[in-house]
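The block underneath contains the structure these notes are about, expressed in structure tokens.
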């Protein structure tokens, strides 16, 4: 893949002038963060002084898709060959991971410098940050906090750019880019709360990188299906679902301590025994809102055999659509049997197809999987539904992971998606018919786009998973699955059509699933801001449940000056973005 690296440079007059085009000298409300063109926006000299403080490491935003735009942008020139290569790679995380400013969500990339839309127009920053600091240690964080507080500039924290709620970018922002914090170490951790093997990783380490490192020492760890997600970033802090949840709990349940810099510039450790309220909040309450994470220490677990299974059937081969619906209902009823046995099935439901593309069962064999699935396969046979079922035994979790979510380091998953999440309460297993009806109608073939419900079966109930007191939303503890209402983003389709599909998700698909899952919630890292606008209250219960008010109180305590902001984080309702992207106090 062609590398499109962001350039380390000082502010140049040409770029500065482009940023101000049409808006120079604009006065704003003092309650708003400044953006380029405002009278209070820091001068070139001030940015140059910041660059000197950082020994020349300040990065000026240069969108990589500038190669597709007339005139390019900054140090990047228009280049048709490089544009073609970039478009081929655009759907995959590897195109974004080494950029200080790029994000993977199509909505927050906006169309200001897209390689697909409005390519006849000049490249502008739009929602991208203006500058970034490649964090090398706590001093860089303190420098950024002081600068943004002094000059009223928005502060942003970015790790890998896996961000579907826009928390890691923002118009006119100065970004703390934690990608270069790449340390990895297996340690013998000792504390009153836990003694045993653990891994300490820098904030820039991805889940796949952490897993590879742990496996060299005979361990596995709780990381995400997508290997390029930051292990110590929003993933673990947001809860973190995994193929290993039903055995080892949520990612946040495994965190032992956080090394952070707080809003007032203190460099400290938060654990179950020191700064325990901050530890509680960071472990499940979301990232980017209370402190900047430099490193995380988490449990690792002895590796071993992993039983696996796949299963598929479809409505076309079923005796009738009624039989297919009965099979889906029976699946929901059977699911608790699997997850109670420590298995986590990854499955997709379509209008006419059902697919379990992976079942992860640590400590089990292929024969165990056949035995475990036997009751459900018997149900399919009684319904005269033909199916394809396969099992295997992997000698280690790493080999199983590579076979299902690999190959590492990048894996198979695309970055450009439309989705929103919902947890399926275990209580529905006894009467799932309304759930099945809602799912099949939501993913119907006459809906705009190709939709599916993609789910992971889990059991992280506190009665079977030992975990520290943390801010993981209570909805997780009573769920039997976390699901995505999901469709791929199609860049070949006109922009207006993709906007309409997104609106369909917000107006039709998600409300239908919510209606049949009352009292449940959503994964705070996998949601669409159109579904959860910050000006409404639905996200508070969906993402945090009963923990919200305590988290809001800790925001006031640990960040009284509101140094940090993250969309739909506790306290974020105090802010709103205006029409030009300024972040303003309500």
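Cβ atoms are placed via backbone N, Cα and C, with glycine included.
What Swiss-Prot lists as domain 'FAD-binding PCMH-type' is 124-303.
The feature N-linked glycosylation site is assigned by Swiss-Prot to 29 (among others).
Annotation source Swiss-Prot lists N-linked glycosylation site at 51 (among others). In the three-state DSSP scheme, residue 51 (N-linked glycosylation site) falls into the helix class.
Look at Swiss-Prot and you will find 79 (among others) tagged as N-linked glycosylation site, backed by sequence analysis. Shown in sequence order, 67, 72 are the residues of the chain, 6+ apart in sequence, with a C-beta less than 8 angstroms from the C-beta of residue 79 (N-linked glycosylation site).
If you look up Swiss-Prot, you'll see 110 (among others) marked as N-linked glycosylation site. In this structure, residue 110 (N-linked glycosylation site) belongs to neither helix nor strand by DSSP; it is coil.
Spatially close to residue 146 (N-linked glycosylation site) yet at least six residues away along the chain are 265, judged by Cβ distances under 8 angstroms. According to Swiss-Prot, the feature N-linked glycosylation site maps to 146 (among others).
The N-linked glycosylation site annotation in Swiss-Prot covers 188 (among others) and rests on sequence analysis. In this structure, residue 188 (N-linked glycosylation site) is part of a beta strand by DSSP.
Take the CB of residue 314 (N-linked glycosylation site) and look out to 10 A: across all protein chains shown you find 18 other CB atoms. What Swiss-Prot lists as N-linked glycosylation site is 314 (among others).
A helical conformation is recorded for residue 321 (N-linked glycosylation site) in the three-state DSSP classification. The number of other Cβ atoms within 10 Å of the Cβ belonging to residue 321 (N-linked glycosylation site), over all protein chains shown, comes to 13. Swiss-Prot lists 321 (among others) with the feature N-linked glycosylation site, giving sequence analysis as the kind of evidence.
The Cβ of residue 358 (N-linked glycosylation site) has 20 other Cβ atoms within 10 Å, all protein chains considered. According to Swiss-Prot, the N-linked glycosylation site annotation covers 358 (among others), on the basis of sequence analysis.
Swiss-Prot lists 402 (among others) with the feature N-linked glycosylation site, giving sequence analysis as the kind of evidence. DSSP gives residue 402 (N-linked glycosylation site) a helix state. Counting every protein chain shown, 18 other Cβ atoms lie within 10 Å of the Cβ of residue 402 (N-linked glycosylation site).
According to Swiss-Prot, the N-linked glycosylation site annotation covers 434 (among others). Within 10 Å of the C-beta of residue 434 (N-linked glycosylation site) we count 13 further C-beta atoms, all protein chains included.
Residue environment of residue 461 (N-linked glycosylation site) contains 17 other Cβ atoms, counted within 10 Å of its Cβ in all protein chains. Under the heading N-linked glycosylation site, Swiss-Prot lists 461 (among others), citing sequence analysis as support.
According to Swiss-Prot, the feature signal peptide maps to 1-17.
Distance between Cα atoms for residue 321 (N-linked glycosylation site) and residue 110 (N-linked glycosylation site): 41 Å, as a whole number. Reported as a whole number, the C-alpha separation between residue 358 (N-linked glycosylation site) and residue 402 (N-linked glycosylation site) equals 12 Å. Classification of residue 314 (N-linked glycosylation site) by DSSP places it within a strand. Confidence annotation: the domain 'FAD-binding PCMH-type' (124-303) carries a mean pLDDT of 98 in the model. Put simply, residue 434 (N-linked glycosylation site) is 37 Å from residue 110 (N-linked glycosylation site) when counted between their Cα atoms. Neighbour counts of Cβ atoms within 10 Å were compared across the glycosylation sites 51, 110, 188; the minimum falls on 188.
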